[in-house]
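*Asks:* The structure that follows is given in the form of structure tokens.
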Amino acid sequence: MSVKIDKRAYAEMFGPTVGDRMRLADTELWLEVEKDYTIYGEEVKFGGGKVIRDGMGQGQGVASEVADTVITNALIVDHWGIVKADIGIKGGYISAIGKAGNPDIQPGVEIAIGAGTEVIAGEGMIVTAGGIDTHIHFICPQQIEEALMSGVTTMIGGGTGPATGTFATTCTPGPWHIHRMLQSADAFPMNLGFLGKGNASLPQPLREQVEAGVVGLKLHEDWGTTPAAIDNCLSIAEEMDVQVAIHSDTLNESGFVETTLGAFKGRTIHTFHTEGAGGGHAPDIIRAAGYPNVLPSSTNPTRPFTINTIDEHLDMLMVCHHLDPAIAEDVAFAESRIRRETIAAEDILHDLGAFAMMSSDSQAMGRVGEVVIRTWQTAHKMKVQRGPLPEDSARNDNFRIKRYIAKYTINPALTHGIAHVVGSIEVGKLADLVLWRPAFFGVKPSTILKGGMIAAAVMGDANASIPTPQPVHYRSMFGSYGGALQTSVTFVSQAALQNPEVAALQLKKPLVAVKGTRGVKKADMVHNGWMPEIDVDPETYEVRADGMVLSCEPAEILPLAQRYFLF
């Protein structure tokens, strides 16, 4: 016997369905459910008197026939769609996206539930892929917990701890340091990959770092990003299938932006903080965002442009790059990098899909726990200032939402050759998933899964009689301890998997090789492949893209900010 219920009652019981709209936290962004893979009247839900009970929504299949975990009635927000579905997890990987239940009595079941299945209630929750931050200065290990609690599940960068070189550059230099960092990676519930130092004009110093296990090489101006170093580094990358990231020559000592672009010779490269405040040819490194072989990203301090952005950056830059405020030349160096015109243009270039990625620049002119927040603050600011995108309607901002979520999920995964494992909610990928209450979307996740196991969550008093009493705060869960850390992976080069020195380290976490980094182009950046011709006026710093002036006002107030934080 069937019964009809109204839309509000249905949404409260099973979460939103097709045509329902939802506001993302306190932003002006609205999503609309595009498709519902569950079957009306056959939805599964756990609890007393609910569906997932023996002989009802739970069948008799043995462990090999059923999911290890099912997230029920989840609202998936990913680059490929905004849909309602059950998510099946098996062996730490996403096994199915569709309809869960008991195939013995229910139609259309793609995810079998049995006695061996755990359930996570996704009703009324948003589920996203774990974030990927590709600009990490590994200055302190506490960054990893901070990032995890913000919804980031993969970190790529370089460093060796609070060393002077690491304060300024994302490089783990040389085989000895690389091996020590690989060993350290075993201790953390985070997918990790390390970048070697790419500043060398001969091949062997770079080749040996790739063989030691780095996933890419970083060219940084503080080590000397000369045309010779760029050319040599990209040559090794082409030979060994790893990515190159670059922080180019702010002072234009060894050439101008045209010189650096010429040294690329059409080869793929990831340009960090492509606007320039984080470093790069002054004042026009932003031009690189229009080239087909350049994969441009931002770091989060300039995201979005606010009334405080300029003032904050000057002090931040002096500290991070070991500059002396008593030396006039050092002050001039800092001031040359901070330009309100290019920072404002960066907002718009993100909104139009010319900048493809977002990252942090952790503790080195960036905040490791704010990649997700700053992404959605930028999207909100652009919605308020520029209105709906042409691809959207008055009803929803679905395309804008897909464009922005791609900036910290699938696009960094594609760029660094790890999209076969992470970066989206798709069958066959690692179950790195983040659950959000809609009112807290983008700012405070509820539950973070690593490889199918809960690694972190909001949790109340451990001595309470129920899980919810205050103080409620983020705590590490069982997926963050002991052998369960193997639900995370360590990314390495293909050459490292063949290296007996790496095998001798006896690393505990699975090693996964990066691949396909050299064939990725700007056109492959999902929802973010626009390649305009960008010009910067050398006198006024006015930015134009295909002749259009890119200018916007700084924000005076933002969502996802003080409303959500005591400190």
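Cβ coordinates come from backbone N, Cα and C, glycine included.
Residues or ranges marked as domain 'Urease' by Swiss-Prot on the basis of sequence analysis: 130-567. Here Swiss-Prot flags H135, H137, K218, D361 as Ni(2+) 1 binding site. The Ni(2+) 2 binding site feature in Swiss-Prot is assigned to K218, H247, H273; the stated evidence is sequence analysis. Among the features that Swiss-Prot reports, N6-carboxylysine is placed at K218, with the record citing sequence analysis. As annotated by Swiss-Prot, substrate binding site applies to H220, with the evidence given as sequence analysis. Annotated active site, proton donor per Swiss-Prot: H321, in sequence order, evidence recorded as sequence analysis.
Any idea what these are sitting next to in the structure?
*Replies:* The average pLDDT the prediction assigns to the domain 'Urease' (130-567) is 97.
If you draw a 10 Å sphere around the CB of K218 (Ni(2+) 1 binding site), it holds 30 other CB atoms from the protein chains shown.
For H247 (Ni(2+) 2 binding site), the same-chain residues that are 6 or more apart in sequence and have a Cβ closer than 8 Å to its Cβ are T169, K218, L219, H220, E221, D222, T225, F272, H273, G278, G279, G280.
Other Cβ atoms within 10 Å of the Cβ of H220 (substrate binding site), summed over all protein chains shown, number 24.
All chains included, 20 other C-beta atoms sit within 10 angstroms of the C-beta of H321 (active site, proton donor).
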*Asks:* Can you tell me the CA-to-CA distance separating D361 (Ni(2+) 1 binding site) and H321 (active site, proton donor), as a whole number of Å?
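*Replies:* Rounded to the nearest whole number, the Cα-Cα distance is 13 Å.
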*Asks:* Return only the integer: C-alpha distance in Å from H137 (Ni(2+) 1 binding site) to H321 (active site, proton donor).
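*Replies:* Here the two Cα atoms lie 13 Å apart.
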*Asks:* Within 10 Å of the Cβ of H135 (Ni(2+) 1 binding site), how many other Cβ atoms are there?
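*Replies:* Cβ-Cβ neighbours of H135 (Ni(2+) 1 binding site) within 10 Å number 33.
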*Asks:* Report, in whole Å, the straight Cα-to-Cα distance of H135 (Ni(2+) 1 binding site) from H321 (active site, proton donor).
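*Replies:* H321 (active site, proton donor) and H135 (Ni(2+) 1 binding site) have their Cα atoms 16 Å apart.
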*Asks:* For a quick check of packing: other C-beta atoms within 10 Å of the C-beta of H273 (Ni(2+) 2 binding site), how many?
*Replies:* 27
